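See structure below.
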Amino acid sequence: MSKIHPINSKRALISSREDEVQSELDMTIRSVPAGGSSDEEDTIRDNIQRLIHKDDFKRNIEDRSDAMNLLNLRQNLNNKTSSYSRSGGESLDGEESLASGALKLGNKIPFGIILPDSHFMSYWTILVLIALVYTATFMPYLITFYEDIPNNWLLVEVIFDGVFTMDFIMNFNIAYYDKYDLIVSRMKIFRNYLTGWLLIDFVACFPFSMISLISSGQGTSEGRLLKIAKLPRVARIIRILRLIKVIKTAKFMRWYNETMERLNISATISRGIKFIGFIFVLLHLTSCAWYFVDKLDGFSPKTWVVRNNLQDYQNEDLYLFSLYWGLTVLDTIGYGDIVPVITSERILCLIWLVFGVSFYSYAISNLSVIFYNMNTRENYIKRKEEYLKEFAHNVKLPKALLKQVKFYVRYNYRHNVFCWSDMNNFLKELPSKLYTKVYNHIFKDVLDNITFFKCKPPAFISELMPLLKTVVVHEGYELYSYGSPPRDVFFLLKGRVMVKDKSDAVLFSYVRGSYFGEIELMYKTDRKSSIQVEQTAHLLKVDGQDFLAVIERFQEIKDEIEEVASKRYHYFLERKKKFKEARKKLEELQKKTNVDLIKLNPLIHDIMNIKIEETKIDKEEEEKKVEDDDYQSLALKISENIKEIKSKISEVSEFYKEVLSLRNEQDETFGKLEKLLLMLDRQ
């Protein structure tokens with residue numbers, strides 16, 4: 001038997017002889033650079049000795065995902081000139097120390113053996129999966145609802161029969177894993193296949209479609225005898241069991257997960273897709289079986305098809321009736337319009353009822369978890385908002401202030417990665433390099449925009465980043481005021497803030513990419529200035545004590561921050577001093593111009609008096625002119641009003657004349673009528 005451990009689909013053999021491992025490990029220990037301290041060398045030696053005697057030694061050295069990195073251990077050790085701690089950006093794991101002594105290359109694979117991790121097997125698995133999906137969907141429908149399968153579908157079946165036959169032959173030559181070893185011996189492969197899926201695969205690859213073609217092409221008694229082959233065709237449904245086998249393989253799961261990642265589909269939705277797919281296939285098979293049991297019974301008068309007078313319906317309609325029955329039983333509703341009567345129907349119905357009850361309870365719990373996990377962050381924010389509403393109601397918080405607090409809560413918890421989950425604790429379990437890469441990706445914008453984080457060790461960034469919280473402050477608001485205790489350090493992502501002194505005078509401004517608030521923390525004093533937002537600011541803030549605790553573990557960064565803080569503090573004092581001097585000079589100049597200049601130059605005093613008198617005269621003339629203008633405008637308005645009154649009077653007089661003329665006409669009309677009446681009376 002040959003056992004080969006794969007390294008990126010390469011041939012490899014793990015040596016289990018401890019003496020060889022020990023000799024290689026001694027070489028590894030000796031390859032540790034002399035530049036490291038004796039304590040570090042002793043620690044590495046102790047870790048190696050401890051790992052050798054662990055029960056999971058072979059598992060530790062046989063991690064396939066890290067094998068190629070482990071092979072380069074000696075070169076990494078020789079290039080190492082600094083600390084082996086996490087703060088240096090590199091880590092020495094026990095597996096890395098064991099690599100050069102534990103891995104040996106060179107064993108050959110027998111001719112014709114196919115590695116399960118090869119690219120060929122990836123494509124072949126997808127092809128077999130397509131054939132199995134056809135088997136689970138189209139084939140049950142064709143077998144159940146068609147007496148004779150149409151020729152075009154028979155061609156498809158012949159092709160898939162060939163696929164299953166090739167797969168059956170290939171399984172005698174596909175290596176497999178025994179725990180962490182790759183088995184390539186043909187005898188072991190055959191024995192493993194014989195005790196596994198050989199019988200099912202043989203039934204699955206039997207060419208029933210060729211028998212159907214022969215039987216459909218003959219009209220003799222021999223052809224009618226061959227039509228008995230229709231019954232064994234039902235056995236082809238056994239292929240569906242292989243669908244479970246393929247889906248459960250690590251290769252398929254890895255392919256499925258990678259596909260979901262490429263489509264940017266979350267793990268929760270991915271679980272939902274698998275759940276719905278499983279239910280769909282099972283419901284489809286049960287619906288086909290519900291009609292097939294009546295077909296096997298020869299559609300006797302008691303079958304549900306005959307009792308409901310559905311014999312003449314199309315196949316599509318019959319499938320919908322079967323699907324309707326399956327859904328009503330699965331949901332434990334059961335309307336009672338389609339019920340089992342014969343024994344085979346009752347047996348199938350009982351089986352499906354048991355599954356339906358189990359499915360109903362499982363589906364409710366599983367779907368509720370899926371839908372809840374789809375919006376973990378939103379649910380967390382809603383809980384925070386509900387607590388905030390109750391708090392605001394109890395303390396009678398003003399609506400305007402409540403609105404501001406709500407905005408902060410929503411923005412903060414939507415943009416902070418680590419305030420709503422245990423992701424930070426999870427990431428700490430990753431190797432140092434991978435841990436740093438994840439943080440660099442999450443905070444890429446911060447690292448690009450904040451100059452403070454450039455050229456900083458990855459370990460420092462990965463420790464400080466989870467402590468940062470996002471804050472948005474609108475124009476005009478203060479981040480902190482003069483004399484307040486220092487609590488936070490701020491990093492400005494976007495916007496602009498002003499630095500003001502005690503008298504509310506602007507000294508200077510911080511722009512995008514700056515950080516501030518550390519001076520008072522370093523000097524342990526109250527705030528020596530106030531910060532007001534000039535343009536809406538997007539900031540990251542970290543608690544001052546957390547900030548100090550982090551930089552305490554990185555002395556070089558602490559020295560750099562102290563140096564910058566000292567320069568900023570002296571610059572601040574210098575600006576403040578110059579501002580005071582400038583203000584003092586300005587006040588003195590104002591006094592000199594307002595008082596001393598007038599006293600030293602009487603001419604200016606006289607000129608100003610003359611100007612004052614001229615100003616008074618000009619004001620009187622202007623007032624008089626304004627009065628004259630007012631009279632003229634008033635007269636114009638009166639004349640205009642008189643004109644309007646005259647026009648109204650003329651209109652009224654004309655109207656009165658019209659009324660008089662109408663009255664005259666009326667009188668004349670009445671006179672004529674009286675004359676006419678008199679004439680009539682006389683007659």
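Note that Cβ sites are derived from N, Cα and C of the backbone, with glycine treated the same way.
Predicted automatically and left uncurated, TrEMBL annotations should be read as such.
The feature coiled coil is assigned by TrEMBL to 572-630.
Annotated domain 'Cyclic nucleotide-binding' per TrEMBL: 452-568, in sequence order.
Feature annotation from TrEMBL assigns transmembrane segment to 123-146 (among others).
If you look up TrEMBL, you'll see 152-172 (among others) marked as transmembrane segment.
Feature annotation from TrEMBL assigns transmembrane segment to 193-214 (among others).
Marked as transmembrane segment by TrEMBL: 273-293 (among others).
Among the features that TrEMBL reports, transmembrane segment is placed at 318-335 (among others). Panel annotation: around the transmembrane segment (318-335), residues 141, 145, 283-284, 286-288, 290-291, 304-305, 308, 310, 349, 352-353, 355-357, 359-360 of the same chain, lying at least six beyond its termini, place a Cβ under 8 Å from a Cβ of the stretch.
Per TrEMBL, transmembrane segment is recorded for 347-372 (among others).
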Same-chain residue ranges lying at least 6 outside the transmembrane segment (347-372) that approach it to Cβ under 8 Å: 268-269, 271-272, 275, 279, 282, 286, 289-290, 293, 326, 329-332, 340, 379
Mean of the pLDDT scores, which run from 0 to 100, over the coiled coil (572-630): 66
DSSP-assigned states of the domain 'Cyclic nucleotide-binding' (452-568) in counts, ordered helix, strand, coil: 40 helix, 42 strand, 35 coil
